[in-house]
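> The following block contains the structure, expressed as structure tokens.
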């Protein structure tokens, strides 16, 4: 391949590069965290209403690329618009949920593509869809702010709520609790299915990204003004705020943390990534094109087109990327060498997820398809 030092994308600029640090899992059990959440003082929330009509937010399909090569094992073709998001059930990794531009979400089998059920009733593009930590529930949410939760076992909707324009949505790591950030700067937290609710009020700008830390007690939320807040989920207060010189100079776009939740890395439209200590809020380092020499760049991994998403394999030094050319690529982070690539989409890949042992990748594409790729590696 070409010299990886030439004309390349800096992998460390992606927020998930921090996961190269291997740490032990937190000692507190999931049961302990779930019990603590029972003590959270939730205020009563209003009844959920029907989703309001929302204009299409300008998602336009790119001219489809020709793709003669298809390395996928299975293609899911029930969507009639771009597929924006994909998630696997964490317990068995046998079910996927996808959401798309067609205002639809589907729960389907990764092995044969059969639809278990459709998440109906959305009136705007479904941009968030994910399983709860025990795989018993699945959430689907659209851009207008309509959120629906479904019980997988009986395929029935058990809860719904409507907020303002939705920015992000995430399940708690060990309890049936949802967090969501909205365009008005608020962060919502609900117990499911009771719907008991707590809100965390940020600055008067969008809550653009969020991440619940592994301890299950705190959440990092980034905002459009470049500031960041660490919220105590039980007490409902901001432990600290990072802003000004220490903060970003533009909207935060992504947040990741190490396994113990002691370190977090944020990405922003200002072209910087910032590493900070989650206990103290102290910024430890900033990464940008301007300070490459000072931080001793290891490798560059060359991409011909823009990278949409990056993910580390949990048990190795392999990095997975998907891009605007519709390709999934595997990289050896120790050498910067491309290990393999998988093709099949005729448009950009907008999201992907790995199964537990990184033997399968499920992708969501702008060609109205989701695909299942079996990942072959010579080292396993």
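Placed from the backbone N, Cα and C atoms, the Cβ positions cover glycine too.
Look at TrEMBL and you will find 25-42, 54-73 tagged as compositional bias 'Acidic residues'. If you look up TrEMBL, you'll see 44-53 marked as compositional bias 'Low complexity'. Annotation comment: TrEMBL describes 25-73 as region 'Disordered'. Sequence annotations record features per position, and here TrEMBL assigns repeat 'WD' to 76-118, 119-160, 214-241, 245-286.
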> For the repeat 'WD' (76-118), jot down how many residues DSSP puts in helix, in strand and in coil.
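Across the repeat 'WD' (76-118), the residues distribute as 0 helix, 22 strand, 21 coil.
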> Kindly report the helix/strand/coil residue split of the repeat 'WD' (119-160) according to DSSP, in that order.
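When I sort the residues of the repeat 'WD' (119-160) into the three classes, I find 0 helix, 24 strand, 18 coil.
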> Averaging the per-residue pLDDT over the repeat 'WD' (76-118), what integer do you get?
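Averaged over the repeat 'WD' (76-118), the predicted model reaches a pLDDT of 98.
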